[in-house]
Amino acid sequence: MSDSPRRLTHVDESGAARMVDVSGKDVTARTATASGRVLVSETVVGLLRGEGVPKGDALGVARVAGIMAAKQTPTLIPLCHPLSISGVSVDLEVTDDPEPSVAIRATVKTTDRTGVEMEALTAVSVAALTVVDMVKAVDKAAVVTDIRVETKTGGKSGDWSRP
């Protein structure tokens, strides 16, 4: 790691927000994986594992919502670059460990000049919000939590994994 001082890249010298110029960066293969959870009641876990919730296929709808959201990231987050996304996978798992929840994991891939961490985070966030929407008739207390980047590969800064 360099000894040079670190700074926020989306802020110019005067403190104004700016979109980073990536035109001089190399086009490389890049991936990012993010995760998150929706804490739900035991009743919701039972419904998701069995007959389903009143609104329908909660996990299927959340998966598609996450994929769609990844593609909309630059529309939702002002300083994100529009990218050519090569692939998005969103996986949801109903679990009791360590507590009743829906675990969400999204991986986004591109070959471009900047990374896809924000796209992966957006996919997880919107998938989680969709789970809440799908189960709220049964569990108004559902909680979205623990959204974070797990890994990223490619680019000038190289690979990174959450310790």
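Note that Cβ sites are derived from N, Cα and C of the backbone, with glycine treated the same way.
The following features are taken from Swiss-Prot:
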ACT_SITE  Asp133  active site
BINDING   Leu79, Cys80, His81, Met118, Glu119  substrate binding site
Inset, instruction - Note the Cβ centroid of Leu79, Cys80, His81, Met118, Glu119, the recorded substrate site, then list each other residue of that chain whose Cβ lies within 8 Å of it, in sequence. - result: Thr73, Pro74, Ile77, Leu83, Thr114
Inset, instruction - Within 10 Å of each Cβ, count the other Cβ atoms, then let me know which of the recorded positions Glu119, Asp133 comes out lowest. - result: Asp133
Inset, instruction - Could you check the binding-site residues Leu79, Met118 and say which one's CB has the most other CB atoms within 10 Å? - result: Met118
Inset, instruction - Check each residue in the chain of His81 (substrate binding site) that is at least six apart in sequence and keep those whose C-beta is under 8 Å from its C-beta; list them in sequence order. - result: Met19, Val20, Val22, Pro74, Asp112, Arg113, Thr114
Inset, instruction - Mind giving me a neighbour count for Cys80 (substrate binding site)? Other Cβ atoms within 10 Å of its Cβ, every protein chain shown. - result: 20
